[in-house]
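Trainee: Take a look at this one; I'll ask things after.
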């Protein structure tokens, strides 16, 4: 958003030739251009414009978020942001003190501060934070409805004092709060000055035709005594809806809201009751009695008894006292005031329950916002105005103590060069009111404690006697020539804001603030649950005596003292509100009224102190701790004699000169210097944070590594122990099984059982192979491969004889062994066929139904077919990996079918057995062939070669892509049917193999 050009001087500290006239002139110029905010250093002066200005939207909030006060135009948002920034950066409690006359805009300023604080939060836990923000904002609507009223000076005057603590977590987000209320002007319920209205709640209830008005017979057009001459408006109807919405937002149950409005209606109806005295002296009640008791939830008989008399406890006995008409009317008004006052206090308590900080959630700081009644001067000023103006005196004294007096005293104490600024100290006025034994409150309390009834006039006489000679107190008796003071009625106090004449009438009664026990019991036994909850003391036994409660003035003085003590412990920010005119009219300037406020608020003196003083003062140790990272000579630690020396070295290095060094503190004159230091610090903080994070993460990682290493050591030790136990159990199992593990015990987690089992198998194999010569291990492996597929499926497979493998190289089997060896050497050299694993002579039957003698050679990767005479290579070899299956017969015939699916042409051969020897009359080559092929196939493919052993006399083969049947001759056929030298014959697509025994 574009910043508008400034008009006048935005900060009175920069004003040339400071005088009261120049001050007011600058204020007026800015007011004419809707510049209602002006700084005095960090104090904000606010002038009520009495009109709506477009300077409070979200875009304006964004302009002030995170900005220093000197960087942006004056605004109440700037004070709120500075307040929240101190809380977040320094973790210190802060407060905003809003002061000024009634109608100067204090309540609106507090609402804008609350709005800004609620909006200026982080994005974490938004739902919870939004709920807290909503409760804090909505509570204002409820408190204004039940605690504000229209006066002759202000259409929305706070008739009670409010101080709200907003609690923040460590991130600076609101997590709850607490509201303290002070001295509701309850006399307004039954007594109004001309032109004023009662509390807003009464008019809001009567503004609409709602269930409550119907139920209790109330009418917006009717005239009610407690409402005076004022009537409801359309605005009251809108506010009634907003109030109910606020109740709903804060989580008030519908039944509780109904109870609240019923009590408000009951108070209105109490004001309509009338009394008359019968011939027998009895007081009778007239008016809307039935509706009144319905609204308050009491019975007609109980209300009649409470109005017409009361019961007293004297000497342990109960005494009844009848009321006169005056007593009855007094009782009616006292009940109305007490019921409304207790209702307001109870509502504040319920709001506090809704916004209280969750147990264990608050670990941060708080911001206090004080919105309390302004200084009041009416035509008739009573006890309430006396308390209100005393409150303003206390706040002015706090301002003087913190801003003017303490600051100058500190300069002198620290030895700082300083020209004293004269100012009016209102301590003498505060002591006039609150001094023990001699103050007005003490005199009133003495009168209230007197066993005889002291009248208001007697109280005034006592005050005149005790306060005679005080320059800030006078009365007609002390100043007989002052015709403005009524004799026996008025007394005058010269406040810091001007002279105020008070009427003593009602002071005694209002100070006692007593309510008869009969009325407390009446309300305690109400059927309206909330009203019953408001009066727990009504259940006390009437004969039980209790200590007299403190007076209203004493309670108020104690609460003010506690409030001031709490504010003194916080970092204060000030908003000084000024009323431009008494007509509440926009664009109207009453210079005399403004001049009076500027004078009694001490704003010109404030400017003088700020111009001559210092923007900041900090102890050397705190300053060093906060800014020592800005200089290489002080970071991380200064090796000098004192903190003061360290600060001097630090500032010399930074070339900061607008400072003075006190005995224990550093004084910085310009706020710009502080902001520069903060900016430099903020720039360095991320790198320091990264360094700390790095160191801490390294420490955490080393700690975690040590823990992990220790845990790993413990785990490995435990694992070794479990492993040793498991090995011991295996050893026991071996001993029981005599070297054989029949069942493996359950292994602990992490033990590689398959590895142990493989080692066990190798060990067992070693024991089996140990007696066998190592040169026979390869033959044994082949026999094992053959046995895995032929054992118990084929009777003879050569298990009992020695397998020679390359039979063609054996002279007794092949008379051309030398030729074969020569041809094999040539093939190994030219074709790289590898070492022969198996070879023999075969009778081959091909797809053309022809029989041929061939030699079969198996190497490590292929099956070769050789010429029977020259041993030359015939056609291409068949890779072993392409073999699909081997088919053999279960009998001792030497028929073998090697299936090759990719070629669609099986290798059908009859093996030629070697000549018989003494150990084996019928040598068998089928088993050896199957063993070699199975072993190589598994080594090449990783899977087992399918071996089909036909138990009958037939099998199958594929020749030339056609399926053919292959059979053995039937036992019944005659030997002459087949030529003796023909191993294979065929007929009708059936191939018959004739074994050697059949051909002999």
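Just so it is clear, glycine is given a Cβ too, placed from its N, Cα and C backbone atoms.
All annotation found in TrEMBL is predicted automatically rather than curated by experts.
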Trainee: Give the range, chosen from 514-536, 537-559, 560-582, 583-605, that TrEMBL lists as region 'Actin-binding'.
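Mentor: That would be 560-582, the stretch labelled region 'Actin-binding' in TrEMBL.
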Trainee: Which residues does residue 105 (ATP binding site) neighbour through Cβ under 8 Å, counting only same-chain ones at least six apart?
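Mentor: Same-chain residues close to residue 105 (ATP binding site) (Cβ under 8 Å, separated by 6 or more) are 46, 47, 48, 577, 579.
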Trainee: Around residue 106 (ATP binding site), how many other C-beta atoms are within 10 angstroms of its C-beta?
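Mentor: Here the count is 27.
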Trainee: Within its own chain, what residues at least 6 apart in sequence put their Cβ under 8 Å from the Cβ of residue 100 (ATP binding site), listed in sequence order?
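Mentor: Looking at Cβ-Cβ distances below 8 Å from residue 100 (ATP binding site), excluding near sequence neighbours, one finds 46, 106, 374, 375, 576, 577, 578, 579, 597, 601.
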Trainee: For residue 101 (ATP binding site), which residues in the same chain are close in space, meaning a Cβ under 8 Å from its Cβ, but six or more apart along the sequence?
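Mentor: Same-chain residues close to residue 101 (ATP binding site) (Cβ under 8 Å, separated by 6 or more) are 153, 374, 375, 376, 497, 577, 578, 579, 597.
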Trainee: Any same-chain residues 6+ apart from residue 107 (ATP binding site) with CB under 8 Å of its CB? Would you list them in sequence order, or say none?
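Mentor: 144, 148, 156, 158, 371 - these are the non-local Cβ neighbours of residue 107 (ATP binding site), listed in sequence order.
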Trainee: Average the per-residue pLDDT over the domain 'TH1' (791-995) and send me the rounded value.
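Mentor: Here the predicted model's pLDDT, averaged over the domain 'TH1' (791-995), is 87.
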Trainee: Excluding near sequence neighbours, so keeping only residues 6 or more apart in the same chain, what lies with its CB under 8 A of residue 104 (ATP binding site)?
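Mentor: Listed in sequence order, they are 46, 48, 374, 577, 578, 579, 597.
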Trainee: Same-chain residues six or more away whose CB lies under 8 A from the CB of residue 102 (ATP binding site)?
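Mentor: Residue 102 (ATP binding site) has long-range Cβ partners 151, 153, 154, 157, 373, 374, 375, 376, 579.
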